[in-house]
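As given in TrEMBL:
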type	residues	note
TRANSMEM	B:39-60	transmembrane segment
TRANSMEM	B:99-118	transmembrane segment
TRANSMEM	B:155-174	transmembrane segment
TRANSMEM	B:223-241	transmembrane segment
TRANSMEM	B:248-272	transmembrane segment
Amino acid sequence: MNFNATFIGQLIAFAVFVVFCMKYVWPPLMAAIEERQKKIADGLEASERAEKDLELAQAKATEQLKDAKAQAAEIIEQAKKRANQLVDEETQKGHAEREKIIASGYTEIEAERNRAKEDLRKQVAALAVAGAEQILQREIDANAQNDIVEKLVAEL
Amino acid sequence: MASEYTTSEYIKHHLTNATMCSTDNGIAFNKACADAGFWTWHVDTLAFSIGLGVLFLALFKSVASKATTGVPGKMQAFVELVVDFVDDNVKSTFHGRNALIAPLALTIFVWVLLMNLMDLVPVDLIPWIAGLVGSNVFGMDPHDVYIKAVPTTDINLTFALAAGVFVLIIYYSIKMKGITGFAKELTMQPFGHPLFIPVNFILETVTLLARPLSLALRLFGNLYASELIFILIATIGYFQLPLHFMWAVFHILVLPLQAFIFMMLTIVYLSLACEDH
C-alpha cells in the first residue's frame, strides 16, 4: 500500500467519469424518467376524468330511461282512455241505431196496420154494402141507404 | 492456494500490486520498480478501475441514448431504478439545485460498487490467469506476476476519490459563502471570539481534513480487510468452501453498503459545504 502516482491517474479518471456522467448519462435518463412520470400523471388524471364522465353519462341515461318510461305510461293511459271513449261512443251509436230501427219498424207496422185496417174497412164496407144490397135489392135503392152504411163502417 | 508458496508468501503475493515505472533503462515492472518512489503506477488498479468505470458509463450511456419515455425495457428499468435510487437520496439530503451532485453521486455509487464487487471474484482466479498470461506470453516467472483485482483495496484509488470530493467541498464552500465566509467558518467557530481564532482554526481544519481522510480510509480499510480475510480463508484447504461462502454472502451486504456510505457521505459533505450555518 504505497502511495504513488496511481493517485494522480485515479484522480483524472474519476474527474473524467464524473464529467461524462454529468454530460451524457444523467440528463437523458432523468429526462426520460420525468417525462414518463408526467405521462403517468396525465394518464391517471385522464382516467379519473373519464370515470367521472361515465358516471355523468350513466346518471343521464337513467334519467332519460325514467322519462321514457313515464312517457310510455302516459301514452298507454291515453290510449286506454281513447279506447274506452270509442267503445262508449260506438255503444251509444248502436243504441241510437237500434232505437231508430225499432222506431221505424213500429212506424212501418203502424202504417201497414192502418193500410190493412183501411183495406179491411173498405172490404167490410163493400161486403156490408153487398150484403145490404142483396138484402135490400128487394126493397130499397142502394144509394138511398148509403149514408147509413158509411156510418156503420166508420164505427168499425 | 498454490502449494509452492508458504502462507505468508501467498498472502504477500496476493496483496502486491502490479507496478510500472520508468527507469533509466526504459519502462520497468514490479520488482524493478522497488526504488522508483512516487512515480510508480499500479497498472492493475488503474486497469480494473478504469475498465469498470468505462463499463459502467458505456452501459448507462447506451441505455440513456436509447431511453424511451414509454414502457421501458428490462435494462432501462434496472438503470432507471439505480438512477432513481441515487436521485431520491440526493434530493432528501441535498437541498437546492445543483447539476453536479446527482451525477457525481451516481458515478461514485455505481463505480465503487462495481470495484467492490471484484472482491467476490475468487481470490486466486485473476492472479492465476495473470500468471498464465505472464509466463506464457511474456516469459515471466509466475511468482513475479502480481495482480490485485479489487481496485478499492488500493489506497491510491480511495484517496483519489476522497481528494476529488475534497476539492469539490472547498470549491462549493468558497463559491457559496465567499472566501471571507469560508475563512470565517474556519476561524470563528465554534468559539465566536477573536481570541479563540487559532484554536478554532485548528479544530475546524481538523474537521475539514477528517472528512476526505475518513472517506478514503473507511472504504480502503473495509475492502482491504475483507480481501485479506478472503485470502486467509483461501489458505486453509478444503474448509475454505463453507467459510468462503459465508464470507461472500456477508459481503453481498457489505460491498453495496460501503459504496452507499461513500455516496451518502459525499452528498452530506457537499450539502454542508453549500449551506450556511
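Just so it is clear, glycine is given a Cβ too, placed from its N, Cα and C backbone atoms.
Remember, it's a predicted structure, so these values are computed and weren't measured experimentally.
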* Taking residues 6+ outside the transmembrane segment (B:155-174), which of them lie with a CB under 8 Å of any CB in it? -> 42, 45, 49, 100, 104, 108, 112, 115, 181-182, 185, 208, 211-213, 215-217, 219-220, 262, 266, 269-270, 273-274
* Asked: Same-chain Cβ contacts of the transmembrane segment (B:99-118) under 8 Å, 6 or more residues past its ends?
  -> 48-49, 52-53, 55-56, 60, 82-83, 86-87, 89-90, 149-152, 157, 161, 168, 219, 223, 255-256, 258-260, 262-263, 266-267, 270-271
* Which sequence positions outside the transmembrane segment (B:223-241), separated from its termini by at least 6 residues, show Cβ-Cβ distances below 8 Å to it? -> 1, 7, 10-11, 14-15, 116, 119, 122-124, 150, 152-153, 247, 251, 254-255, 258
* Beyond the flanks of the transmembrane segment (B:248-272) by 6 or more, those residues with Cβ under 8 Å of it -> 86, 89-90, 93-95, 98, 101, 104-105, 108-110, 112-113, 116-117, 119-120, 152, 161, 165, 168-169, 172, 211, 214-215, 218-219, 222-223, 226
